[in-house]
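Undergrad: Would you mind keeping the following structure in view while I ask a few things?
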Amino acid sequence: MSEQPTQESVAAVRAEPRHEADTHLQPIKWKFPITYVLLALLSLGAFTFLTPSGAVTQFRLATATDIVTLPAANLPSFATALVLSLLQLGLGVLAVVAAARRIKLGLWHPMLFGLLFVLAFLVYAGAGRGAFIPVVTLLAGALMLSVPLIFGAMCGLVGERSGIINIAIEGQLLAGAFLAAVAASFFTSAYVGLLAAPFAGAAVGGLLVWFAVKYHVNQIIVGVVLNVLVIGLTSFLYSTVLTQNAEMWNARQQLPRLPIPGLSQIPIIGPVLFNQTILVYLMYVIVFALHILVFKSRWGLRMRAVGEHPKAADTVGINVPRTRVFNTVLAGGIAGLGGAYFTVGQGLAFGQEMSAGQGFIALAAMILGRWNPKGALLAALLFGFSTSVGQVLSTIGTPVPSEMLLMLPYVITIFAVAGFVGRVRPPAAEGVPYIK
Amino acid sequence: MSTQQTSDDARTPGGALKEAESRLHYAVRELSQASWVITLLSVLVALVVGALLILATNPQVQATMGYFFARPGDFFLTSFEVIRDAYSALFRGAVYDWQAATPQRAIRPITETLVNAVPLILAGLGIAIGFRSGMLNIGGQGQIILGATCAAFIGYAFQLPLGAHLLLALVGGALGGAIWGGIAGVLKAKTGANEVIVTIMLNNIALYLIAWLLRQQWFVQTGSNQPISASVDESARLFGILGTGFRLHAGILLAIAATIFVWWLLERSTLGFEMRAIGENPEAARTAGVNVPKATALVLIIGGALCGLGGAAHLLGTEYRLAAGIAGTLGFDAITVALLGRSRPLGTFLAGVLFGGLRAGGVLMQAQTGTPIDIVLVLQSVIVLLIAAPPLVRAIFFLPHPDGSPRVRRRRRLRDQQAAEAASEPAPTQEVSK
C-alpha cells in the first residue's frame, strides 16, 4: 500500500512540466526513515549484543548543591540497551509509516531518536567499566564547549544573512579572547574584559567588511588572511608584551558564577543551565533576541533583503553597503564576546592560538543550522555534546576511539552540505559584492 | 597616435613643460597599474607595519620613550638600531650571512630558504590550480597531512630498492592528498556541496585521523607510546643535493618540475583550458561542451595531489618522522602563497621562496634579537591583504588611479549612464548578480 501511490506520484511528477509539477505531491523521501531504521539496527546490533551480559552501567545524576539528591542510577546494561534500541526501532518504523502516509513528524521525533541513540551508546560505552558516567559533568561540559561555538555561529549568521561570508570568525574569537584577557588583567576586573572583548571582534569584522565592501576583495580570501593576521598579531604581542610583564597584562581573571535562585537547584538541568556566568546568560539573551529579530523585525527584514537580493533592497531605498557594514561589525562584536569565554569566561590567561579552530566549527554549525538561529544553536550544542562525550569517555575508557567521536561533527557537516540532511541553501547574494 | 599628440602639444606655448608633465603622469600611471609595483609596495608597507610593531613592543625603545621630550635623539637612534638589527637578522637568516665564519655558512641561509620553500611551493601550486578554476581549496592543511602520512608509512613500513622506494613514497603522498581533495571535488561535482566547507571539515577530520593513527602500534612501529612514528628509511628519503652541511634536498627539483608541469597544465593542455573555463564562467564552459562535473572533480584531485606531494616532500626531505603537528601552518601559508603569486605558476614559485625566506630569516631574527617569529605571520597577511586591494595601495602612496581620479571616474560614469539612459528609453534591465 505504501509503494503504490509513491510510484504514481513520481510518474505524475515526471509527466508534468516543471512549473506545474511543483503544485503536485513531491515524491516521498525515503532517505530519513531508512537512516533511522539503520541507526536503530546499529544500536540493536552493536550497542546491545556487544554488551557483556550481567554488566552494569552506572550514571551519576547528582551534584553537591541539589535540594533533592538523586540517587546514582545503576542500570543493567544489556536490558537497558535492548529497551532503548527497541524504542528506536519503534520510532524508525513510525518514521517509515509517517513517510508513506505523507504525515509530517515534528521536531520531537529526530530529537527523541537522537536522545535514545546517545543513551544506548552511553550504556554500551559505560558497561562494566566500574566507573560512574557523570551526567551533570557531561552536560555542563557540552554547554561549556558550545558557548564559543554558539557566539561564533550567531556572528556568522548575522554576517551571511546580510551577504558577507565570514571565514574570519576564528580571528574574531581569538581577538576577543586576547583583548578580554588584557583588559581584565590591566583593570583587574573580569567585567572590564567582557566589555572590551566585543570591540576587538568588531574591529576584525570591520576590517573584513571594509575590504569586502570598499575594495570588492573576495570575502573568503579576506577572511582567511585576517585569521592569519590575528593569529600573528596576538602571538607576537603574547610573546613580547604579555610575557614580559604577565602580572600586569596577562593575569588570570574569572567571571564569577551567578546561580539563579531556585532554578539552579533543579536536579540535573539546574546546575547545567542556571549556575553560569553572566556571559552564558548573555548568550541565552542573544540567541533568543536573534531568533525573534531576524525574522520579525525591520532590522532583520532589511538584513535578509540585502543578503538575498541587494538590487531589490537598494531599489526600495535600503542602503546596501551601510547595512552590510553595520551588520558585519555587529556580528564581529558578538564573536568577540564569545572569544571572551576562552579567557575571562573560564578564568584562564591568554595563550597562543587558544581558539584552536573553534571559529571554523562555528561556521559549520551555522551552515548545519541552515542560517537559522535556532538551528545553529542546536548544531552548536550537538558539536559541543559530541566533544564532551568524547572527553568524558576518554577518561573512563571506551571501546570506541575518542578521536572517532571527535571527528563525528565534521563528518555530519559534510553529509549536511552534500545535501543529505535536507537542502542547504545559503543567502543568495552571499559573497557577491554589490556594485551599483 | 600619442606621439602625434605630444608633438602637437609641444608647439603650443608652455607645451614642453606640459608634455613632460603628462609624460610623467603617464609613466606614473603605467607604473601604478603594473602588478609587480603593487607587490613591491605591499611588501614595503608590510615591512613598515612590522617595524612599528617591533618598535612598540621593544623595551629599549619604550625606555627612551619615557624621556622623549628631554632627548628625542635617543629615541630615534634606538629605534633605528632596533629596526636595523631585526631586519638585517631577517635578511642574514634568509639570503646571505655576511657575519658567518666560513663561506659555506654564509650561503647556507639561502639554501634554508629553499628548504622552507619546497612544501610551500608544491602546496601553493595545488591551491593556485583551484583558484584559477574558481574554487577555493581551504583544505591544504588536511591534504598535506594525508600526503605526509601516506609517504611516511610507505617510507618506513616497506622495504624496497633505492629508487623505487622514494618514488613509491612520493606517489603515495600525492595519492593521499588526491583522495582528500577528491572527496571535496567529487562531492562538489555530484551534489554541489560548497568546497570551502567540505575542505575545512576535512582539515579537522585529518587532524583527528593522524592523532588516532599515531596511537596505533601497527602504524607507528616504534614500540613506544610516544605519538610519533618511526623514522623513514634511508632509501625513501629525498637525498641532499649540496652535500653535508646543507639541508637542501631534491625536493626543490620536484618543486621546479611541478611548477613547469602546472604551467603546462594550465596554459597548454586541453584539461587546463577547461579548468580555467569553468573558473571564468561555468555556464559558458558547459555550453561549449566542457564536462563541468568532471573538470570540477579533477581540479580538486590534482590540487590535492600537489598538496599531498608538498606534505610528502616536507616529510621525506626535512622531518623524516611523522608527528601530529607535521603540517604546522603550511596549509594556510600555502593559501597566502597562492594569493601572493596571483595563482600563476611562476608567481607562486617566487611567492613560496619569499615566504620560505621570511620563515628562515624569522628563525635567526628570533634567536638574535628576541623578536618573535610570529611577526612573519603579520608580514605575510599584510602583504596578501594589500595585494588583494590595489586601490588601497595606490591610496597609501598617492598614486593615480588607472583611469583617472575617483572623482573624474565617477563623473565619467554618471555621464555614460545618462547617455545610456537617454539612448534607450526603457532602462535596460540588468541581470542581477547571483
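Any Cβ shown, glycine's included, is placed from N, Cα and C.
Straight from TrEMBL, here's the annotation block:
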- A:34-55: transmembrane segment (TRANSMEM)
- A:75-100: transmembrane segment (TRANSMEM)
- A:107-125: transmembrane segment (TRANSMEM)
- A:131-151: transmembrane segment (TRANSMEM)
- A:163-184: transmembrane segment (TRANSMEM)
- A:190-213: transmembrane segment (TRANSMEM)
- A:220-241: transmembrane segment (TRANSMEM)
- A:278-295: transmembrane segment (TRANSMEM)
- A:325-344: transmembrane segment (TRANSMEM)
- A:350-369: transmembrane segment (TRANSMEM)
- A:376-398: transmembrane segment (TRANSMEM)
- A:404-422: transmembrane segment (TRANSMEM)
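Just tell me what is around each of these and how deep it sits.
TA: Within the same chain, residues 76-78, 81-82, 84-86, 88-89, 91-93, 95-96, 113, 116-117, 120-121, 123-124, 127-128, 399 sit at least 6 positions outside the transmembrane segment (A:34-55) and bring their C-beta atoms closer than 8 Å to a C-beta of that stretch.
Remote same-chain residues near the transmembrane segment (A:163-184) are listed as 148, 151-152, 155-156, 190-201, 203-205, 208-209, 212-213, 219-220, 222-224, 226-227, 229-231, 234, 237-238, 242, 249-250, 253, 306-307, 310, 324, 327-328, 331-332, 335-344, 348-350, 353-355, 357-360, 362-363, 427, 429-432, 434 (criterion: CB distance under 8 Å, separation of at least six residues from the stretch ends).
Tertiary neighbourhood of the transmembrane segment (A:350-369): same-chain residues 148-153, 155-157, 160, 166-174, 177-178, 181-182, 227, 231, 234-235, 238-239, 242, 250, 335, 338-339, 342-343, 375-380, 382-383, 409-410, 412-413, 416-417, 421, 424, 426, selected by CB-CB distance under 8 Å and a gap of 6+ residues from either end.
Within the same chain, residues 118, 122, 125-126, 129, 131, 133-134, 137-139, 141-147, 149-150, 152-154, 156-157, 287, 361-362, 364-366, 368-369, 405-406, 408-409, 412 sit at least 6 positions outside the transmembrane segment (A:376-398) and bring their C-beta atoms closer than 8 Å to a C-beta of that stretch.
Residues 31, 361, 364, 367-368, 370, 382-383, 386-387, 389-390, 393 of the same chain sit 6 or more residues outside the transmembrane segment (A:404-422) yet have a Cβ under 8 Å from a Cβ within it.
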Undergrad: Run the contact check on the transmembrane segment (A:131-151) against the transmembrane segment (A:325-344): 3 or more C-beta pairs under 8 Å, excluding pairs closer than 6 in sequence.
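TA: Between the transmembrane segment (A:131-151) and the transmembrane segment (A:325-344), contact is present.
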Undergrad: Can the transmembrane segment (A:220-241) be said to touch the transmembrane segment (A:325-344) if we require at least 3 CB pairs below 8 Å and skip pairs under 6 apart in sequence?
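TA: Contact absent: fewer than 3 Cβ pairs fall under 8 Å.
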Undergrad: Please report, as numbers and ranges, the same-chain residues at least 6 past the borders of the transmembrane segment (A:190-213) whose CB is under 8 Å from any CB of it.
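TA: Same-chain residues near the transmembrane segment (A:190-213) but 6 or more away: 155, 159, 164, 166, 168, 171-173, 175-184, 219, 222-223, 226, 230, 253-256, 278-279, 321, 324-325, 328-340, 343-344, 433-434.
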